[in-house]
Amino acid sequence: MDLWGLTLFILAGVAGGLLLGLIGVGMALVTVPFLTFMLPSLGFSAEVSPVIALASSMVIAAIGSVSSLRVHQQKGTIDWGLIRLMLPVSLIGVVLGSLLVTRVPALWLQCIFAAFLLYVAFSMLKPSTKTTQLQKTPSIQLLRWFPALVGVTGSFIGAGGGVLMVPFLSRFMLMPNAVASSVALGFPVTVFGAISYMLQTAPVTHPGLTGAVYWPAVLGMSIGSVVAAPLGVRLATKVPAALLKKLFACVLLLIAFRMMLSF
């Protein structure tokens with residue numbers, strides 16, 4: 001990769017870090033589409049690019065969540081009892097998902113991610129129906145097995161599954177606690193998923209590739225995200241939340257439509 005390519009990866013990381021700081025949604029929403037489009041220009045075939053994009057994004061998400069997890073821990077907003085209950089099945093789910101990803105055709109992966117982006121975008125554009133009353137805590141069975149779905153989904157979108165976990169948790173706990181607990185659950189999930197991808201047989205022979213993880217992309221995007229995420233947090237205090245959600249939803253729609261046009 002030349003200097004220009006590394007610069008593009010860093011800029012993509014900056015964009016992802018800003019969005020992560022602004023609205024608290026995972027880096028994968030930026031990194032997966034960007035890598036899917038960029039990797040063919042770096043010598044990867046169109047067939048393996050989506051898998052490598054997902055695997056690399058999982059590593060980037062793990063690195064990016066470290067600073068966020070530290071802040072949440074300092075604030076005391078993480079429900080560690082809930083994390084201990086949900087984590088084991090989440091790890092099983094992410095391993096199963098990472099194994100399935102390598103066996104699913106590339107076109108299917110692009111369709112899954114495009115559908116995921118559309119779902120998130122329309123959820124953000126949907127008018128908010130605020131309610132002050134929290135629902136009762138779900139059954140132990142649901143708390144144990146819902147994370148398995150989140151783990152599998154995280155493998156397919158290259159993230160910790162927070163887009164599914166936060167809405168689920170926010171139904172029976174305050175939003176700050178839901179976000180913090182989702183980050184705490186997502187961190188080991190992304191680490192476990194990243195290790196699973198690295199231990200798999202590389203889909204192609206290429207410099208900088210460990211398993212399905214492409215390290216030049218991980219390095220560049222991680223640098224950008226670490227620098228930009230704190231700036232995103234500061235900007236979030238100055239920009240109306242409703243405007244941020246609408247802007248981000250529009251970005252997601254553009255990315256999803258661009259991916260669908262490439263099918």
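Residue numbering: from 1, along the chain as shown.
Placement of Cβ uses the backbone N, Cα and C atoms for every residue, glycine included.
Per TrEMBL, the feature transmembrane segment maps to 6-39 (among others). Same-chain neighbours of the transmembrane segment (6-39): 49-50, 52-54, 56-58, 60-61, 64, 68, 110, 113, 117, 120, 157-160, 162-163, 166, 179, 186, 214, 216-217, 219-236, 239, 241, 244-245, 248, 251-252, 255, 258-259, 262, counting only residues six or more beyond its ends whose CB sits under 8 Å from a CB of the stretch.
The transmembrane segment feature in TrEMBL is assigned to 51-69 (among others).
Same-chain residues lying 6 or more positions outside the transmembrane segment (81-100) and placing a CB less than 8 Å from one of its CB atoms are 55, 58, 140, 143-156, 161, 169, 181, 184-185, 188-190, 192-193, 196-197, 200. Summarising the annotation, TrEMBL assigns transmembrane segment to 81-100 (among others).
Under the heading transmembrane segment, TrEMBL lists 107-125 (among others). Panel annotation: around the transmembrane segment (107-125), residues 25, 29, 32-33, 36, 50-51, 54, 101, 153, 156-157, 163, 167, 245-246, 248-250, 252-253, 255-256, 259-260, 262-263 of the same chain, lying at least six beyond its termini, place a Cβ under 8 Å from a Cβ of the stretch.
The annotation transmembrane segment is assigned in TrEMBL to 145-166 (among others).
Proximity of distant same-chain residues to the transmembrane segment (178-200), defined by a Cβ-Cβ separation under 8 Å and at least 6 residues beyond the stretch ends, is recorded for 24, 26, 54-55, 58-59, 61-62, 65-66, 68-69, 72-73, 75, 77-80, 82-83, 86-87, 90-91, 94-95, 97-99, 102, 147, 150-151, 154-155, 159-162, 165-166, 169-170, 210-213. Annotation comment: TrEMBL describes 178-200 (among others) as transmembrane segment.
For 212-231 (among others), the entry in TrEMBL reads transmembrane segment.
Annotated transmembrane segment per TrEMBL: 243-261 (among others), in sequence order.
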Within the same chain, where does the transmembrane segment (145-166) have neighbours whose Cβ lies under 8 angstroms from its own Cβ atoms, ignoring anything closer than 6 residues to its ends? I mean 6 or more beyond.
24-29, 31-32, 53-58, 61, 65, 86-87, 89-98, 100-101, 109, 112-113, 116, 120, 138, 175, 178-179, 181-183, 185-187, 189-190, 193, 196
